[in-house]
């Protein structure tokens, strides 16, 4: 997902929107200091993961932010449902995990059309 997030950040930059991409490679232990630092810098947080958003990275980040530095957060990932089969490209599109989807969600959280 990091490469896709970087692609989305590049697309946002072309539109004059600055984005920070952070590679959180482990959920346990979660890097609380890094998450809070980024939230303070950006004011809003989007997580993207090829995983169920319940109990995954998005949930862990949301827990940290709710206790340490509450900001608006959007979790992008697989909703609470059974998975599908397909090629990686098909699944990314089906679950809304493409760079374009991240751009769309970024604009929504920033209230930009």
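Keep in mind that glycine also has a Cβ here, set from the backbone N, Cα and C atoms.
Here the structure is a predicted model, which means the values were calculated and not measured.
Pulled from TrEMBL:
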DOMAIN    1-102  domain 'Transketolase C-terminal'
Integer average pLDDT (0 to 100) for the domain 'Transketolase C-terminal' (1-102): 95
Secondary structure tally of the domain 'Transketolase C-terminal' (1-102) (DSSP, helix then strand then coil): 47 helix, 16 strand, 39 coil
